[in-house]
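If you look up TrEMBL, you'll see Gly191, Ala192, Ala193, Gly194, Ser195, Gly196, Lys197, Thr198 marked as ATP binding site. Summarising the annotation, TrEMBL assigns domain 'UvrD-like helicase ATP-binding' to 170-450. Here TrEMBL flags 693-726, 893-926, 961-994, 995-1028 as repeat 'TPR'.
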Amino acid sequence: MILITKDFLKKVPSNLKESILVKLSYFNDMLEKAQGHIKELPAGFWIKKITGTNIFKFRLNNKDRILFTYIKDQKIDKTAKIIFLDYCNHDEQIRKGQRMDTQASLEKSIDLDILTSSTWNHAEVEDNDNTFVKSQRTNNSLILNDLVSIVVEDHYISLLLDEKNSDYLYYLSNEQWKCLEHRDKPILLLGAAGSGKTTVAVQKLLWCQKNRLKACYITNSDLLMENIKNLYEKYKLSSENIATFYSIKKWAQEIKQDNSLLVTFEEFNNWFVSNRYKYKKLKKINTFYIWSEIRTLIKGFMGFEFKLKNKFVRNNNILSKEEYLLIPKDYSIFDKSTKEAIYDLTEAYTKWLNETNRYDECDLSFECLTNLNEQPKYDFIIVDEVQDFTEVQLYLLSQMVKDQSQILYTGDLHQMIIATFFEFGRLKNMYYSLNTDTEERILSKNYRSVSGIVTFLNRLIEIRKTKIGFTPFDYEEGYIRIGQKPTLVTPKEDVLSMILDSVKDKHYSAVIVPDEEERARLEKINPEATGRIFTINEIKGLEYSTVFCINVITKNSAIWEDIVKGLGKRQTKYRHSFNLFYVATSRAMDNLYIYEEDTKNLMLNEISSYVETMTECNYEKLSLKNKSTKEDWAKEAYRLEKIGNTKKSDYALKLSRDLPREEYIRQVNKQIEEKEVSNITKDFQKLKDKHDFEQYLQKGKYSIRKKDFTKAVDFFNNVIEKYPDHAEGYYYLGVAYSYMVSGSDYSIRYFDQTLSIKPEWYEVYLDKASTLRFLKNYEKAIETMDNAIAVDATIGNGYFIKGLLLYDLGKYVEAIQLFEKALTLPCYIFDTIDKSWNRNPSTDKESIFKNNIRKHITECKNALNSKTEAKPPTELERVMFLWSVTSNRHPKAKKYKQYALTFIDNNEFEEALIYLEKALKFSPNDFEILNYKGYVLNELEKYNEAVDVLENIVSSKPPYPLVYYTLGEAYKGIKAYTNAINAYTTSIELDPNVSIAYYNRGKLYIMIYQFDKAIEDFNQILYLNNDSTVSSLALKEIFYIKTFQKVLSSMNLSKDILDMLGTMDNFNLLFKHISAVELNGKTASSEEELKSNIRNTFQKDTQHNSNQIDQDFSCFNFDSTRRTITDCIEKAIPLNIKYNSNNKKFTVQFNKAECVKCLRYNQCPMNRSDSKGVLKFRKEQVYKS
C-alpha cells in the first residue's frame, strides 16, 4: 500500500509525473521485498534519515529527491505503510531553469540514478536536505496528522497521472480508509456532498470481490448506480462477476421481469392532474409533497413497534386511516385536515393501481417481504443515499443479508429533499429491535467544493442546529480546495437576464429554482436558457462548477423568517425547507451566486458574513468565460438522460450536434435552382387572421419556399392542432420534415396520416415513395407506387418512380417497361422553387421532364449492354451515401448512437449494445448503426448474431466499406474463412487504402495455405505505408512466410501432414512448432515418425511450448536484423541461415556481391568495414564476426 500526499503531486512537474510515479511504485516494491529493512536496499538509492526526525529521503538523481516516512495504524493494519511526503529540488536556480526549459528538465530528471552515485557531492546535498526539513518543520508543513493523503494500491497508481481525471477522487483519503474497517456491526456512514461516501462504497465492493463475497449495491439513482458499476468494473481484479447493482427501476425489472408497469412520480403526477379537481383541499399543494407523504408514511412507514409480526399485514399495502392520523405531527408537513384529504386520495390511487395492474416501489417491497425466503441472500449489502429510501425498503434490505451486521448505509440528512422523513435514529431503533447494535462513521472533508462554499455550508448547518434542532448526527465539514466565498447578487431585472443569457450555452453551469412556478417565470424571460434551469428536485445528485440559486429563500420567505426567529423547532416542514436550500447551494464546486428578490429577509442577515456582495454585475464578473464543446454537451446529455431528465438531455444533445441539414439543403437548392425566390410575399402580406386555416397553410408554404423549415413545422403543427381532420396540415408537415435533419421518419408518419384521411390524394403517394427511396426502403416504396397506380393509372409519375426504384435494384428490363409507359401518359411536375406539385404544367416543362425519363431508359440499356464489371463508387459517392444515412437519422436514434459510442470507447460493449438496440427502434434501416451493432457483437464474440445483422445490410449492396470489413471479422469468428476473404475483398474494392483490411485478408490466406496471395497483401501494405503498426506486422508476416516455406520445403511434408498441422488456428504458433522440430535437429527416419513427433509436440502444454519457442527465437526480435533479413528474402538475395543446437547460435551468411545491388545497402549492417558477410547472433545479443 502506498500513501501519497496531494502536496507531493502538486509539486511534481506535469511532464515528469508519469516517470516519477512509476519510480515510486518500483521503490515501494523493492522496500516490500526487503521487508521494510532499508539497509537491504541497493546502495544506489542512497537512503538517508534526516537528523532528529523520523523522515527519510531517497534520490531520483543528483538534484531531485523524495522525502518519505512510515506510519502505522493498528486499527486498520498492523503492517507499516510508507507515505511519500514531498518532492523537492533544493537548487532554486535549477528549478527556475526547469521552468524555462521543460525538455532540459525531462532529460535531467528522467532516470533513477541508482548506479551513478559517484558524481554526487554528498556533503553538500546532506546539508541541503537537513536545512529543507528544518524549514518545513518550522512552517508546520510536515505534521502528519494534517496531511491530506491518497491511499493507493500499486495497480491503481496510473490514475494519479491526471488530476483532472473524473476518477481522481475515487482514491481513498486516510479518513475514508478508516471507514472500511468493519467491526461486525451495521455501519451508518454519514458524509456531506463531495465527502467521498460513494468512494468508500466502491472500495468496499472491490474488497468483497477480492474476497469472493457476493455483494449487492442499491441506490435510488440510475446515474449513481451506473457510475459505481463502471468504476467497479474498471478496477476489479478479476473478470468474475459476483457483485449485483440495482437502482429501484432495475430492481423492479429483476423481480417483475418488466418495469413498464412501475409507477414513478411522473406517472403519479399525470394521474393526479386528471383527478385534482376532486380534492379542493389539495389544489394548491405541490404534487411532489403529496407523493412523498403517500410513499413514505401511508405506504412506507414501519410503525412504532418493529417487532410486531403482523406489521406487513395491511389492506392494499397502506396504513389504516386511524394509524396514519396517529403518526406524530413532527413526522409530516401537513395539518390533520390536509392529511385526511391525502388519505382519501391514496385510496383512489390504490384503486387505480389495482384496476390497471400497476404497482409502485412500496408495493414491490411488500411483495418481496411476503416472499422473503425466495429473495436472494448476500454476503454484503451497500445502501447508497439511504435518506432516499422508505423504512419498509430498508427493513427488506436488512433481511436480505446473510449476517445482519454485514451492511453499509451511506447518506446525509442535510440532503433529504425527497420527503422520506428518514431518521438515522429510526434506523438505529430498527436494529435495536433486531437485537443488533450499529456504528456511526462520519466523513467530514468535502473534496468537491472550495473553501468559501464549504464555510458557507457549515454556517447553514449551524443555523439548522440552533434554530431547528440539534441531532446526534450533525457534523462540520472540512475543505481541501481553496476558493472564494459565495456571491450575493443585488437583484435587478437586467442582471437576471444577464445570468440566463450567460448560462444557456455553458455545460458547467446551472440555474437552480425552488419550484416549477419560478422556472416558468425565468423561461419567459429567456426561453433559450430553458435547458439550464433546474428545480432542486431535478438537480439532486448533480454538481456544476458555477451555480446560480434564484429565489430559493424568497419563495419560502415566511418559513425562513420563522426559522430565524426560532419558531421552527423540531418541525418537519422547516427542516425540509432548510434541506432544499442546503442541497441547492451544495451543488456548486467553484462558484456560487445567490440571487434573492426578498432583500429584507432575516435569513440574509444570518449569512451576510459568509458571502461577498455584488451590487453591480456584468458579463466579465460572472465565472462563465470557458466555452463548452460539442463533446462536453454530449457527455452532459448522457448524464442527464441517466437521471431521467429527458427534456434537459434533449437540450444538451441539441447543442452537441453539427449544423442541421437545413443549412445543407439551402446550399444545394442555391446551386441547383441558380435563382432566388421572387414574388412570393404577396400572399403573406394579406394574412390577418392567425387562426384561419388557409392562412396558416399559406404561412407554412411560404416558410417552405423561404427554406425556413423549422418555422414551417411550427405553422403546420398549429394547423393540425386546430384542424385535426384536415389532411392538408399533415401533408405539408410531412413535406417540411423531409427537408430537415433526421426528418424522413417523421415525413412517412405524417404522409400515412394524410392518406388515412384522404386516401385518393395522388401526390402524397409520390412524396412518400420518394422519401422511402431516400431511406433505401425499396419494398415499401414499390408497394406505395402500386397503391398510387391503383388510385390513378392515367398519370405517368407512378410508373416513372416505380421504374426508378427497379433501376436502383438493377432490374433494368422491368424499369425500361415502366419508363416507356410513363412516356405515354401525362405527368405532374414538381416545382423545386414553389416546393409543390403542378398538375397542369406547361408543354415545355412536361417535355423537359419526359426527356429526363428518356435519359433513364438509355442508362438502363447501357447497363444491360455493358459487359464490364461495375466500377466501385467514388469517394464522393461513398460520402454522399453515408451522409444520406446519417442525415435522415431519427433524433432519438442519433442520441442513443452517441451514448453507445461512449460505451464502445470504454470497451463496455454490453451497455453499448443496449443503446444501439434503442437507436435501431427509431431508425431500423440505418447502415451505420447496424454496422456498429455488428462490431459490438464481434467484440462480445457473438459472431453468428453479427453475421445475421451484417448480411442483412450487405444484401442491399451499400457503398460502405466498413460494413464489409466488419462482416469479414464476423465470418472469421465462425471460421468461415472463404466468406471472410470475400468480405474483406469487397471492402478493399470500395476503399483500397485501408491497410488493416489487407492484413486480415492476408492472415486468412495463410490459414488456407495461399502464401503467395498473402505476400501480395502484405506487400501492398508496405506500398501504402499509411499505418506504421500494420506495416510492421506485415513485414514480420513476410519473414515468417518465407522462412516457413523454406522449412516446409526442406521437410518435404505431404498434404496430410499439412492438414494435420492446419487444424491449429494460430499460424505463427504453427510456424514456430514446425521450425522448432527442424532447428532443434529432430529428424525422422520416416514420414510416420515425423507425424508422431509433431503430434507429441502438440499434445504437450501449448502455452509452455510457445514460451520456450519464443525464447529460442528471441533473436528475431531485433528490428534492424529482422528488417535486413526480410529485405534480403524479399529481393531473393541468396542467404544461408544455419542453427547450431549445441551453442544455440544462428549464423546468417550473405552474398556480398548481391548485397551491393540492394537499395538499402548503405544502411545495411553487412556494409560495415569489419563485416565479412557473416552475422552471428544468440538470445538477446548480436555479435559481429
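A Cβ is built for glycine as well, from the same backbone N, Cα and C atoms used for every other residue.
Sequence-distant contacts of Gly194 (ATP binding site), defined as residues of its own chain at least six apart whose C-beta falls under 8 angstroms from its C-beta, comprise Asn446, Tyr447, Arg448, Ser449, Glu543, Ser586, Met589. Counting every protein chain shown, the Cβ of Ala193 (ATP binding site) has 25 other Cβ atoms within 10 Å.
Here the repeat 'TPR' (693-726) has a mean pLDDT of 78 out of 100. Sequence-distant neighbours of Gly191 (ATP binding site) (same chain, six or more apart, CB under 8 Å from its CB) are Lys197, Thr410, Asp412, Ile442, Leu443, Ser444, listed in sequence order. When secondary structure is read from DSSP and collapsed to three states, Gly194 (ATP binding site) falls in the coil class. Per DSSP, the secondary structure of the repeat 'TPR' (961-994) breaks down as 27 helix, 0 strand, 7 coil. Secondary structure counts, DSSP: the repeat 'TPR' (693-726) has 27 helix, 0 strand, 7 coil. Helix, strand and coil counts under DSSP for the repeat 'TPR' (995-1028) come to 28 helix, 0 strand, 6 coil. Ser195 (ATP binding site) counts 27 other C-beta atoms within 10 Å of its own C-beta, drawing on all protein chains shown. For the ATP site, the Cβ centre of Gly191, Ala192, Ala193, Gly194, Ser195, Gly196, Lys197, Thr198 serves as reference, and the other residues of the chain with Cβ at most 8 Å from it are Thr199, Asp412, Leu443, Asn446, Tyr447, Arg448. Taking a C-beta cut-off of under 8 angstroms and a sequence separation of 6 or more, Ala192 (ATP binding site) has the following same-chain neighbours: Asp412, His414, Leu443, Ser444, Asn446, Leu457, Tyr475, Glu477, Ser586. Just so you know, the Cβ of Thr198 (ATP binding site) picks up 21 other Cβ atoms within 10 Å once every protein chain is counted. In terms of DSSP secondary structure, the repeat 'TPR' (893-926) contains 27 helix, 0 strand, 7 coil.
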